[in-house]
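Taken from TrEMBL as is:
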- SER8, HIS64, GLY140, PHE141, GLY142, GLY143, ASP173, GLY174, GLY175, GLY195, SER196: substrate binding site (BINDING)
- HIS31, ASP33, HIS64, ASP173: divalent metal cation binding site (BINDING)
- ASP33: active site, proton acceptor (ACT_SITE)
- ASP173: active site, proton donor (ACT_SITE)
Amino acid sequence: MKIKIYPSVLNCDQMHFANQLNAIDSADGVHLDIMDNHFVPNLTWGLPTAQAVVKSTTLPVDAHLMIDNPDRWAPEYAKAGCSIVSFHFEAAKAPLRTAEAIRELGAKPGIALNPATPVSVLADILPRFDQVLLMSVEPGFGGQGFIPEVYPKIKRLRKMIEEARLSTDIEVDGGISDKNIAKVVEAGANVIVAGSFVFKREPARAIAKLREIAVGVR
């Protein structure tokens, strides 16, 4: 499966948001973290920002909803033009219905799991999602260290996908750098979210370095 690098703009210089989007135009997409200060203890953006980002880039916008009541709000991000809308299994009451609503609006539905949530919860619903987002840090803040217990979790999920003969993307988000991306890809991930590593240095070079390492593994 194709390796995709999605910089997380949670870690960018938000006083120069447009310039930061231009700086990552060599990436495969833009990862947009939506937090409501309820599901996670942090507050970021809402629909107006998602709409603005969609209008400001030619890259696909990958919305990660860390919010309560995603059944109500996830379809709105599809309407806003986000290409992928991932919501948390832990917060959803009707994940299949929500996934279908996202798809009907022209976006790809994704399901996200916190580090302690086993991939086995997806056994009966996996075919309904185009992407599974595995958190490799506790959600809510950027700049955290990678939780190593996520490596075998990625492997288990890749095995599930292959046994079901699906083409589901595995996205991993949190604490990824040039030091551990190879192991993440070896485990079976193909969509890499990187925030601090990209925006704490020259973004285009950081993206190129991550891509070089990841493609070398494949």
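Including glycine, each Cβ sits where the backbone N, Cα and C put it.
Please treat TrEMBL annotations as automatic predictions, because they have not gone through curation.
Structure with TrEMBL features highlighted.
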residue : record                             : Cβ contacts under 8 Å, 6 or more apart
HIS31   : divalent metal cation binding site : TYR6, PRO7, SER8, VAL9, LEU10, ASP62, HIS64, ASP173, VAL193, GLY195
ASP33   : divalent metal cation binding site : SER8, VAL9, LEU10, THR44, TRP45, HIS64, MET66
GLY140  : substrate binding site             : MET35, VAL40, PRO41, ASN42, MET66
GLY175  : substrate binding site             : SER136, VAL137, GLN144, GLY145, PHE146, ILE147
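Other residues of the chain with a Cβ within 8 Å of the Cβ centroid of HIS31, ASP33, HIS64, ASP173, the divalent metal cation site, are TYR6, SER8, LEU10, LEU32, ASP62, ALA63, SER86, LEU133, VAL193. Neighbour density for HIS64 (divalent metal cation binding site): within 10 A of its CB lie 28 other CB atoms from the protein chains shown. Within 10 Å of the Cβ of SER196 (substrate binding site) there are 18 other Cβ atoms, across all protein chains. In this structure, ASP173 (substrate binding site) is part of a beta strand by DSSP. When the binding-site residues SER8, ASP173 are compared by the number of other C-beta atoms lying within 10 angstroms of their own C-beta, SER8 comes out lowest.
DSSP gives SER196 (substrate binding site) a helix state.
A strand conformation is recorded for SER8 (substrate binding site) in the three-state DSSP classification.
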